[in-house]
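Engineer: Sharing a structure here in structure tokens format.
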């Protein structure tokens, strides 16, 4: 068979015309060094700050340092098998985590992957971990309460929906216990909860999850875990991941509560990353932007107005406000609240609950120090009945503390001083509360009414605990409807005052506690 040159030429032209050229421009680079979870990459000329970089083995790193001829990135996950010369590439994306109702009741890692062995999670989409906080115009003032179930907190340092209230204290003073009880108390309130565990032992986190399950609170909670065995990068990013999951509910006109346990360990993880990236250290070897690390996180906790929710949901949700309430936890060393990170977070938040080791060790639990614990915006959100009845509590305790200090040196005290000291001791005793036993609004109101109107004067100090438990049992058994209505309404008027007085008078007449 003989082919002439014309046919060959036509055939080649035809094949060339049919050839489909698919070209893909990729921005690739090469690893030049690996050390302690930090990789330096040469060649990624178009990488962005915070961009995800694809590594071999379906892993990612986050670009944090953009230098003249190299990129410093932190590896998210194991890095032992990474070596110099390996090729990496840009993804053009920043870190996103799954969000949605499918996460409720689940335990996930920083990247939103399930680690509880309950199968895949059905998420409603993905959200970037770094989001700009809502602006001033999009916000609404805090005027609805978050009940923790603790008498000492709800009466003296009330928390509102959309507030940032710091829980601060030394190790082993009951900070996590207070936060977990606050989550348990939201079982029937409709508030979704997110618990972010940063740098804790896996056994401690497992215990928290078990307790939430035992008290039927886990189905309403997302647990985000970056344990002590995880890399510094995952511990640093965990609060932002949890916040993105909480914002899903806030932006759809619902209420959410997020616990960061604790931000001291996140700051240490960020310090580790910064020093490995050779950023200049500042006070206590923290980098210069450690304030911004926490401020950009905590500013995302807010109460947003109806227009914001309507705009975000494209008109699907109308006339509803959303809120994300944050309870960050900070661990102090020997009660030093003037250290770098504690002062930073105190200045960012709307108040703090200071837990003191001396009070804790003397059996006063929760160990709230009423002198320096404050809620800057929670007063306007406090339930009316609690606000009305709790007015004298803080004053009584402050006067008691002052008098108690002087009474140690005084040999003879007048009757008025003795009476004030006795009253202060009884109030202190009454504010004690066991873990996992939150009180409803009506129960708290009844106890505070007893304090306010002198029903404790005839009760001996060592009988205060049994007096309270017997009173609450009596009220729940005989006045269940009234207690339920008072919890739901939270109002206070002459009729309610008479009803509370009637319960206490009836209890005193009939009960042998």
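Just so it is clear, glycine is given a Cβ too, placed from its N, Cα and C backbone atoms.
What you are looking at is a predicted structure, and each value in this text was computed from that prediction instead of being measured.
Annotations per Swiss-Prot:
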BINDING   169, 170, 171, 172, 173, 174, 175, 176  ATP binding site
SITE      373  site 'Required for activity'
Engineer: Cβ within 8 angstroms of the Cβ centroid of 169, 170, 171, 172, 173, 174, 175, 176: which residues besides those meet this for the ATP site?
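Structural biologist: Other same-chain residues with Cβ inside the cutoff are 331, 355, 357, 360, 367.
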Engineer: With H, G and I counted as helix, E and B as strand and the rest as coil, say where DSSP puts residue 176 (ATP binding site).
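Structural biologist: Reduced to three states, the DSSP call for residue 176 (ATP binding site) is helix.
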Engineer: By a 10 A CB contact count over all chains shown, which of the binding-site residues listed here is most packed: 170, 172, 173, 176?
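Structural biologist: Result of the Cβ crowding comparison: 173.
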Engineer: So of 169, 174, which of the binding-site residues has the fewest other Cβ atoms within 10 Å around its own Cβ?
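Structural biologist: Checked 169, 174; of these binding-site residues, fewest Cβ neighbours within 10 Å: 174.
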Engineer: Just name the most isolated of the binding-site residues 171, 175, going by other Cβ atoms within 10 Å of its Cβ.
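Structural biologist: Ranked by other Cβ atoms within 10 Å, the binding-site residues 171, 175 bottom out at 171.
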Engineer: Non-local Cβ contacts of residue 373 (site 'Required for activity') (under 8 Å, 6 or more apart, same chain)?
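Structural biologist: Set apart from residue 373 (site 'Required for activity') by at least 6 residues yet with Cβ under 8 Å, we have 156, 157, 351, 352, 353, 354.
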